[in-house]
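Working notes for the structure below.
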Amino acid sequence: MLATAPTLLPPPTIHVIDANNPNLRGRAIEDLREGFATWRLAFTLARLDLRNRYRGSVLGPFWFTLSAAAMIGGLGLLYSQLFKVDLVGYLPHLAVSLIVWQVMAGLANDATTCMTQVDGVIRQLKLPYTIHALRCTFRNALTALHQLPLILIVFLMLGHNPGWAALLALPGLVLLCVNGFAASMLLGMLCARFRDIGPIVGNVLQLAFFLTPIMWKPDQLGAVKVWLPFNPFYSILETIRGPLVEGGGGILAWVAAIVFTALHAGIAFSFFVRFRGRIAFWV
């Protein structure tokens with residue numbers, strides 16, 4: 001009888017943490033580095049989420065496109081009459097505003113369950129928490145790709161040509177993605193610890209929808225519109241809508257959007273450094 005060779009198991013991984021020098025910032029930076037290095041895993045998981053969500057559906061994510069098209073058409077006809085404005089000039093504003101807002105609101109709502117919906121993965125596998133935030137961001141970005149072409153369709157139907165200024169919307173999309181990732185990090189942690197924050201975020205978004213010039217134009221506020229850049233939703237929205245509809249975008253809105261993004265990312269990183277080690281116990 002032949003003797004079988006002994007199986008050589010890999011040595012166990014030993015994690016040593018000095019309580020006197022926990023190096024929280026270094027571990028958080030390492031988590032971010034490993035997470036971004038494995039972004040393909042997050043992207044694959046995001047695609048899998050969408051496939052599972054729309055399994056058995058004929059149109060899948062294109063239901064969002066049809067819903068947005070119906071809202072743009074219906075609300076455009078209604079509010080152009082209420083505001084006494086030309087439909088041809090109002091519809092491009094409404095299309096860009098409504099679609100970008102749906103992306104922002106979807107990111108914020110999805111960020112509240114960024115960590116809690118993958119609690120089993122967090123408890124069983126040692127993965128960077130950054131992957132879960134990237135997964136949430138990629139998932140909403142893929143959904144947005146099914147809605148953004150609707151803007152082009154509206155522009156072609158109405159003969160609206162933004163020209164080369166439309167390229168300035170690309171930095172605005174980058175700012176939107178950065179804020180989406182920061183929100184996934186920050187709200188994912190906060191909602192894992194305090195489950196009441198999720199409904200609060202939903203209520204805040206409902207109020208922000210009416211306080212942000214989505215259905216209405218900033219010029220309708222008159223002299224009060226100078227305070228709009230203090231609304232972070234408006235600032236991010238204007239960096240995308242301004243180049244597509246208004247031929248550029250106000251400098252003040254761009255400055256406000258960049259400052260808000262920096263503050264948002266800084267706060268999210270500070271919370272991540274401080275509470276990263278507790279996420280597994282909160283979910």
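Heads up, the Cβ atoms here are built off N, Cα and C, so glycines get one too.
Annotated in TrEMBL:
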DOMAIN    43-242  domain 'ABC-2 type transporter transmembrane'
TRANSMEM  58-78  transmembrane segment
TRANSMEM  90-108  transmembrane segment
TRANSMEM  141-158  transmembrane segment
TRANSMEM  164-190  transmembrane segment
TRANSMEM  197-216  transmembrane segment
TRANSMEM  251-273  transmembrane segment
Lying 6 or more residues past either end of the transmembrane segment (164-190) yet within Cβ distance under 8 Å of it, the residues of that chain are 100, 103-104, 107-108, 110-116, 129-130, 132-134, 136-137, 140-141, 197, 201, 236, 239-240, 242-244, 247-249, 257-258, 260-261, 264-265, 267-269, 271-272, 275, 279, 282
Per the Cβ filter (under 8 Å) with a sequence gap of at least 6 from its ends, the transmembrane segment (197-216) is approached by 75, 79, 83, 94, 97-98, 101, 105, 108-109, 112-113, 187, 190-191, 228, 231, 233-234, 237
